[in-house]
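Please read through the structure below; I'll follow up with questions.
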Amino acid sequence: MTPAPEPQDPPTIHEPVATEQTDDISDWDVESDYEDGYGAPSKSQAQGGASAADRPKINAHARIDDQMTDLARHASKIRLDNLTMQQIFRDKDRTDNATSDQVLDNHTRMIILNMLNRNIISEIYGTISTGKEANVYNAVAYDNNGERIERAVKVYKTIILGFKDRERYLAGEQRFKTIVDKALSAPRKMIKLWAEKEFRNLKRLHTAGIPCPEPIYLKYNVMVMGFLGDHTNGYAFPRLHDTKITGETLEETEAEWRRLYINLLSMMRRMYQVCGLVHGDLSEYNILYNEGVLYIIDVSQSVEHDHIEATNFLRMDIRNVNDFFARRGVDTLSDRTVYHFITDSTGAVDENGMRKAIDNLYATRPPLAESEEARAEQEIDNQVFRNQFIPTTLEEVYNLEVELGKKVDTRLYQHMLADSKVPESTGGEHKSGEGGESGSEDEEGDEGESGEVESGDEEREEGEGDRFEKKRPRGKKHLDKAEKHAHKMAVKEAKREKRKEKMPKHVKKKLVAANKKRK
């Protein structure tokens, strides 16, 4: 009688260490970013077809440590504030630790090292600016010919959020409505969404030809963009607030400031009409200046023009721009006039057309009195406009009868209304002939006789009757037998042609099985 086989120990399963760092790494999907596993043998081939329950699990924590070890050779290429990466890691001072925690946490550090490994950037060597939501650093890249290219790397803070009012700019954003609720409840997801928002806004501005940093690469909370500054020494362009324009005469200086004011209004209009965006935080601190050109930066909080807060943000931008240029001695337009210029959908969006429109606004406005009382009245009008309720949808117009009695120029929402003349249907005979003549006479004034007005009304009613005559309803059930048969044969023929390009079922099964093995 053969003895019974001795029981064998079950295969060792290496469980990943359940730490907070492991959970964060799995949530951020770091493995998929740095190891694609393309061309590696499948698990079934390596283990001889073992079942899923017997296969050892991957120790993700150990794999990430190995990747950090491989990428550590690039640590010397990151120099922030004249400190090497090793000094930042080893120094235990509270200030250095706070800087490392806010910006260069483990995940952000790994993303930057991976960018260096992929030659997206070659070195980070200095700080351009620091803010409440992100820091911007100097970076260097090299093209295929070995030419040095200056870049800017914007790293959004992830741990200590100095800017906590992001919900106001994200809520109601149609581009992110499917994920904004989850992002608002998780700070790390909100940072990722915030960086993606600015990257997409920069793409819109750059495509529309508005001077701004060129967006190049985005990974989680690290964005690489074009550098706006001197490429020889790495100094960025100055902000508009720090710019000093000095001409040979006082008139030349005032003319240059006025030209910049007109250019900025044109950029705001193009940003609204072409890009469909409102900056939301436009001021002299978010505008760079170099050789007569203005550059728009920091568009992370920009919203679309149909956002629930877009009107308030636009009025705030107009107030900041007018106040700044007024302090520089520019004769600015009123806030109400600038608002109508930006939101008018019928005007031109090219440079020459917008410049002519602004010159026309200056020419047609009422003359300004030099007295203090007149200036005070204009300031009161600006304050009223800044605090006035402007409906964004027609559902918010409550007293319609009162609004219809107002003049067209006093309606703040006039740009949302259609033209007063509704295009009539083609083929109507009332457009030409006696009906058209009587209608035109009725529009000229009160000089026409009552008989002519009545005839015009009769012709108009006849035209409306032709336009609203009864037509056959839609739907297959209202078709006759021949039309139904023709439609049925056309549908069959379309399906027959579609089946010719259909993938065979056995080929589809093989592809599905192959994809499962790769996973």
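Along the chain as shown, the residues are counted starting at 1.
Note: Cβ is positioned from N, Cα and C throughout, glycine not excepted.
Annotations per Swiss-Prot:
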type	residues	note
ACT_SITE	Asp281	active site, proton acceptor
ACT_SITE	Asp298	active site, 4-aspartylphosphate intermediate
BINDING	Lys154, Leu228	ATP binding site
BINDING	Asn286, Asp298	Mg(2+) binding site
COMPBIAS	1-10	compositional bias 'Pro residues'
COMPBIAS	21-36	compositional bias 'Acidic residues'
COMPBIAS	39-53	compositional bias 'Low complexity'
COMPBIAS	439-464	compositional bias 'Acidic residues'
COMPBIAS	470-489	compositional bias 'Basic residues'
COMPBIAS	497-519	compositional bias 'Basic residues'
DOMAIN	122-519	domain 'Protein kinase'
REGION	1-54	region 'Disordered'
REGION	418-519	region 'Disordered'
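Burial and contacts for the listed features, if you can.
Around the Cβ of Asp281 (active site, proton acceptor), the number of neighbouring Cβ atoms within 10 Å comes to 17. Following the DSSP three-state reduction, the secondary structure of Asp281 (active site, proton acceptor) is coil.
The Cβ of Asp298 (active site, 4-aspartylphosphate intermediate) lies under 8 Å from the Cβ of Glu198, Asp281, Asn286, each on the same chain and at least six residues away in sequence. DSSP gives Asp298 (active site, 4-aspartylphosphate intermediate) a coil state; it is part of no helix or strand.
Counting only same-chain residues six or more apart in sequence, the Cβ atoms lying under 8 angstroms from the Cβ of Lys154 (ATP binding site) belong to Ala134, Asn135, Val136, Tyr137, Ala195, Glu198, Val222, Met223, Met225. Mapped onto three states, the DSSP output places Lys154 (ATP binding site) in strand.
The DSSP secondary structure for Asn286 (Mg(2+) binding site) is coil.
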If you skip the near sequence neighbours and keep only those at least six away, which residues in the chain come within under 8 angstroms of Leu228 (ATP binding site), Cβ to Cβ?
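The list for Leu228 (ATP binding site) reads Ala152, Pro213, Ala236, Phe237, Leu288, Asn290, Tyr295, Ile297, given in order along the sequence.
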Count the Cβ atoms, other than its own, that fall within 10 Å of the Cβ of Asn286 (Mg(2+) binding site), considering every protein chain shown.
20
To what whole number does the mean pLDDT across the domain 'Protein kinase' (122-519) round?
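The average pLDDT of the model in the domain 'Protein kinase' (122-519) works out to 78.
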Report the DSSP secondary-structure composition of the compositional bias 'Basic residues' (497-519) as helix, strand and coil residue counts.
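Per DSSP, the residues of the compositional bias 'Basic residues' (497-519) fall into 18 helix, 0 strand, 5 coil.
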